[in-house]
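A.B. asks: Structure incoming, see below.
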Amino acid sequence: MAGNASASGPGGDADTTEANGSAAPAGMDNRMAPAGPAGGTAAADSDSGTAAAESERDADTAGRDGDAPTAEPDSGTAAAGRDGDAGTTEPDSDTTPTDTDGDTASAESDSGTAPTQPDHAPVAREEGDGACGQETHAGDGPAVASDATTPGWFGWRRRHPRAARGVSVGTTVLAGALVVFALLLPNRIERIEFASFVRIPAEGVLLAGLLLALPPRPRRIMAVVSGVFLGLVTVLKFVDMGFYQVLARPFDLVLDWILIEHATDFLRETFGRSGQVLAVIGVIVLFVAVLVLTTLAVVRLTNLMVRHRPVAARTTLILGTAWITCMTLGVQIGTVPIATKGNAEFIGNRVEQVRAGLKDARVFEKQAAVDAFAKTPPDQLLTGLRGKDVLFTFIESYGRVAIDDPAMAKQTDAVLKEGTASLKTAGFESRSGWLQSPVTGAGSWLAHSTFLSGLWIKNQQRYRSLTTSDRMTLTNYFRKTGAWRTVGIVPGVRRAWPEGKYFGLDHIYDSEHLGYHGPYFSWTPVPDQFSMEAFQRLEHGKKDREPIMAEIILASSHNPWSPIARMIDWEDLGDGSVFHRIKKEGTDPTEVWKDPEKVRTEYRRAIEYSIRSLTEWVERYGDEDTVLVFLGDHQPVPTVTAGDTGKDVPITIVARDKKVLDRVADWGWTDGLKPAPDAPRWGMDKFRDRFMTAYGPQG
């Protein structure tokens, strides 16, 4: 063997060992490890030490076949670097390159030189997981690191060992903080407080124990999988926060994916194309960053636990005992329990949510099959309204909060009283009550379809099932009688709306067919006053026409409520160009949304504008045959409701013909446009059948 291998002397490079005429990189033995324990040097620098080391190497290699050992490294040990430093072996894959607690890839000295590992030196590995700094070397000889060597962070760690150690410790601390944050993060913004992050998560304790118990390879896999899973759970919590802020409910993993498209459309229409693109990019970057960082953090902490197994095991045992004690005794910080299993409950709720979502289609199909009026002859339908123009009008986001909230009640009450008095002067009476919407914050089309179909349409899956079924809606029944022309005034629709055919409308006027040539008001394509004037011009004002049943969906009170149109003289509406000047007078939504109180103020003003648009239209164009039913579709976003989780919306019937209101006298609704706090409250899905019964032959 002596004739087949040569090594440089103490003053030369130790990385040119040759075996059988070919170069063999130092450290390729499957037992190779960084020189010296815990960052200390193992080689003597004297000539006598060198001679002794060479004698040991000769003795070690005696009896072999004359070839240098070339065993392939196992999965836990990487080959040493080939840049001239035989002592810079890569750490075990359980060890991250930034860990410096006795496990650095090369021993570092204050002088900046590191001893190199001698060729083919046998290594005695200590029982464990191959963590760096836990092996001993036999026959280490002295060597001087090559100037070309760049171990760890391109040589920066060797040049600045103290700074490198500080960075390593800081990174580990940040990794721990990130994992704790992810484990304890609530899924609602209002629940984020200091006490939320000083709890003991059962999931973290159990995961630590599991990782310590697993062998190296399964442990590495489990660390990565756990990190990715924790990242996904964290992302889902952030998504929940957004949904609670807008819809007052968590994200549905089965049914809510369609809403992502609606959200991006809303961003484009409110903040422009650039705002939409920036928001989407930001969300994607956040998603990727959370997944990557949580995974790296879990892997790093796993390596740390393995290198300090006794301490990690004791800490895990102590935390587990503390968790059991706190859970048993109900120990709390304020109102927040110290022991928590919140992630397990969170995941359990999502699993149940998915199961319910998958079953919901079958449940809904059974409900839709029941229709009390399906076999009623056309001449027996809606007999109490024959000859009347019936308008079902939705006011966007008109919720109970606009009437009951102390910060808005005074101004809204004044508008409703003014409208009641003005209508009465014009000969109209009104009755008001409450309906419970299936949604809050958004999802207007779900509320519209619930009101018209008599079914509880709480998600997109039900909406699609409904609009592809033969279930008759209120508008379909009006059309079935043959006594009404059915039309839709839908200024919020800006593209193809194939579902519109399902609702039985003879003609649909979307935002492109109302004759409007003014500006958008953020999301709102057409101001409400102009929409009502367009209905008068296109349908209601025509001579020698048949009675009309109209579904009118007003849009001015749609989020973000800035800028808002204002009432002008009806004669000055023209083609809507006048609204360019009015928009310039309005507020900037980006400024309004910095202050929740400003948001609430603008919301109230938008509701007042929508109500005035309706009541003034009735005063101006209504007659003996006019019947107006107007209601809110849902409550506004939680920013406005200020924590109120109710889903009530006002509903009002206005008519000049006393017999129309007499038919609903037994409903117990309140006189006027403002429903009393204790007025009857129904589910929105109950209205269709009650209305058709009241205005049928037996009403």
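The backbone N, Cα and C atoms fix where each Cβ goes, glycine too.
Below, the features straight out of TrEMBL:
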- 1-153: region 'Disordered' (REGION)
- 33-53: compositional bias 'Low complexity' (COMPBIAS)
- 54-67: compositional bias 'Basic and acidic residues' (COMPBIAS)
- 68-107: compositional bias 'Low complexity' (COMPBIAS)
- 166-185: transmembrane segment (TRANSMEM)
- 197-214: transmembrane segment (TRANSMEM)
- 221-239: transmembrane segment (TRANSMEM)
- 277-299: transmembrane segment (TRANSMEM)
- 311-331: transmembrane segment (TRANSMEM)
A.B. asks: Which residues, given as numbers and ranges, are at least 6 beyond the ends of the transmembrane segment (197-214) yet have a Cβ under 8 Å from it?
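C.D. replies: For the transmembrane segment (197-214), the list is 179-181, 183-184, 222-223, 226, 302, 305-306, 309, 312-313, 315-316, 319-320, 322-323, 326, 333, 336-344.
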A.B. asks: Grab the same-chain neighbours of the transmembrane segment (311-331) for me: Cβ-Cβ under 8 Å, and only residues 6 or more beyond its ends, written as numbers and ranges.
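C.D. replies: Residues packing against the transmembrane segment (311-331) from afar: 200, 202, 204-205, 208-209, 212, 304-305, 337-339.
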A.B. asks: Would you mind listing the long-range same-chain contacts of the transmembrane segment (166-185), meaning Cβ under 8 Å and 6+ residues beyond its ends?
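C.D. replies: Cβ under 8 Å, 6 or more out: 98-101, 192, 196-197, 199, 201, 203-204, 230-231, 233-234, 237, 293-294, 296-298, 300-301, 304, 340, 342-343.
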